[in-house]
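Per Swiss-Prot, the feature transmembrane segment maps to 34-54, 69-89, 104-124, 127-147, 161-181, 187-207, 289-309, 316-336, 344-364, 455-475, 493-513, 524-544; the stated evidence is sequence analysis.
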Amino acid sequence: MVEEASKSEQINITEVWTTTWETPYIMRLALSAGIGGLLFGYNTGVIAGALLYIKEEFGEVDNKTWLQEIIVSMTVAGAIVGAAIGGWYNDKFGRRMSVLIADVLFLLGALVMVIAHAPWVIILGRLLVGFGVGMASMTSPLYISEMSPARIRGALVSTNGLLITGGQFLSYLINLAFVHTPGTWRWMLGVSAIPAIIQFCLMLTLPESPRWLYRNDRKAESRDILERIYPAEMVEAEIAALKESVRAETADEDIIGHTFSDKLRGALSNPVVRHGLAAGITVQVAQQFVGINTVMYYSPTILQFAGYASNKTAMALALITSGLNAVGSVVSMMFVDRYGRRKLMIISMFGIITCLVILAAVFNEASNHAPKIDKRDSRNFAKNATCPAFAPFTASRSPPSNWNCMKCLQYDCGFCSNGAQEYAPGACIVQSADMKALCHSKGRTFFKDGCPSKFGYLAIVFLGLYIIVYAPGMGTVPWIVNSEIYPLRYRGLAGGIAAVSNWMSNLVVSETFLTLTNAVGSSGTFLLFAGSSAVGLFFIWLLVPETKGLQFEEVEKLLEGGFRPSLLRPTTKENQVETP
């Protein structure tokens with residue numbers, strides 16, 4: 001079995017820069033492929049701001065929560081299909097060709113959204129982009145992983161995660177840049193065509209993965225690429241490892257066959273693949289059920305829930321969370337090969353659970369202390385302006401004590417804040433563009449998604465802390481684990497299965513978030529995510545081994561007998577890898 005590797009394989013960011021400085025070709029490969037991560041991040045993040053303006057242009061979107069959820073989640077639905085096809089396509093045609101196809105899909109989707117004249121056209125464009133996101137989500141880290149020396153593999157794969165978060169941060173900047181430009185959301189959604197074109201051109205100049213080439217009997221090309229990546233004295237050892245993997249793969253195929261269904265059956269009958277999938281799917285599902293993409297897809301909306309009514313203000317504040325996510329990815333690059341994948345994820349999950357519980361408490365307090373309804377102001381605001389649900393109480397001596405701003409919004413009405421003091425009682429009125437304009441004309445603020453709150457700043461603080469603890473661990477590490485935990489012969493297939501599990505979980509979360517907040521409130525929704533995060537933490541501890549510093553072939557040996565955490569493992573000299 002593999003001996004404990006942490007001391008001998010420790011690495012710091014200085015070595016990463018030294019290696020890539022001496023061999024700049026490695027960084028060129030990583031950054032070019034990583035643009036797929038940038039596109040992934042941009043196209044999933046840009047909708048957070050664009051949705052606010054899509055709602056303003058299309059009344060039916062503003063009035064239908066389910067339509068908003070479809071626009072947001074259709075990219076995720078497309079990504080499920082893209083990831084599923086991508087696994088097969090990667091193995092059949094190679095990593096490089098898969099990236100090129102993803103770029104074409106990104107470009108087509110962007111063009112469709114730019115010319116959209118109705119919500120269904122936006123949905124179609126989001127679907128096309130989703131196909132590209134799904135392929136990029138598994139292909140970019142896989143390509144980088146197979147092009148990287150083992151000692152800095154984790155850090156270089158983290159560049160893909162960094163570019164995902166960088167793409168999300170860029171999308172928020174672009175959103176702010178086009179706030180006052182005619183066609184706001186069209187520009188926001190269309191800008192993604194530019195990096196797609198750039199990556200397409202760059203990938204035309206780069207080679208295929210040496211591992212895929214060797215598997216497809218293009219050994220001379222594979223050797224040529226390895227000689228450009230590894231020092232001369234390491235090339236033969238790497239080729240020997242590839243030869244052994246391909247020999248084992250060929251032997252397997254002679255037994256299980258060559259078709260997709262045969263490979264799937266063979267993969268599931270292989271204990272190494274089964275144990276790898278248990279770990280890979282666990283981290284992918286856990287990544288989504290901490291609720292991260294509710295923050296990334298809906299962060300301006302969440303901040304409006306917290307009391308920031310202005311679109312521009314909400315987007316500017318949301319930029320903070322996106323920026324912290326990008327910074328956290330840099331931190332991951334610094335520590336993932338020093339402290340290990342497993343430890344970073346476990347620490348990250350503890351922090352996530354803490355922040356989610358506190359956020360639930362913050363939103364609960366904000367709801368309980370929302371401004372009361374001023375009966376006279378609601379009745380006299382304008383002719384036929386009073387919220388229909390509140391109108392019967394305007395004639396009573398005093399309205400029910402449970403009527404506050406939050407109660408008003410629950411009946412799909414709007415709250416016009418008190419002109420003198422935002423936290424004082426205000427008017428509960430009909431929600432319409434005319435009433436919003438009238439409220440603003442009186443120098444007051446109109447709220448329709450959240451209420452004025454003294455707790456709003458706490459929501460920003462703990463959303464920021466949530467991102468800080470998420471990004472270095474659960475943000476990037478699941479993709480690293482899935483790029484190195486499967487045998488070469490099943491890597492594309494198993495990586496596709498794990499990526500599909502990620503996107504299916506993502507779809508569940510993004511498609512239900514607004515519905516959940518309507519049903520149980522923001523507080524209850526964050527509490528649900530805290531509970532699902534606790535479940536995810538347990539299964540990560542139970543099923544996910546440490547792969548830091550291991551060759552792909554060593555990972556296979558680690559998984560042969562199944563992984564058990566040290567607490568559940570008999571103490572023997574044959575313990576595989578020290579894990580917490």
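Heads up, the Cβ atoms here are built off N, Cα and C, so glycines get one too.
Computed from a predicted structure; not experimentally measured.
Remark: the transmembrane segment (104-124) makes no contact with the transmembrane segment (316-336), by the rule of 3 or more CB pairs under 8 A. Contact check: the transmembrane segment (289-309) against the transmembrane segment (316-336) gives at least three Cβ pairs closer than 8 Å, residues 6 or more apart, which meets the contact criterion.
Listed stretches 127-147, 161-181, 187-207, 455-475, 524-544 were compared with the transmembrane segment (316-336); the greatest number of C-beta pairs under 8 angstroms is found for 455-475. Take the transmembrane segment (187-207) and the stretches 127-147, 161-181, 455-475, 493-513, 524-544: counting Cβ pairs under 8 Å, 161-181 has the most. Tertiary proximity for the transmembrane segment (127-147) is limited to same-chain residues at least six positions away from its ends with a CB under 8 Å from its CB atoms, namely 26, 29-30, 33-34, 36-37, 39-40, 43-44, 74-87, 89-90, 95-96, 98-99, 101-106, 108-110, 112-113, 153, 156-157, 159-161, 192, 196, 209-212, 225, 229, 479-480, 482-484, 491-492, 495-496, 498-499, 502-503.
Panel annotation: around the transmembrane segment (455-475), residues 161, 165, 283, 286-287, 290, 292, 295, 299, 302-303, 305-308, 317, 320-321, 324-329, 331-332, 335-336, 344-352, 354-356, 358-359, 362-363, 365-366, 369 of the same chain, lying at least six beyond its termini, place a Cβ under 8 Å from a Cβ of the stretch.
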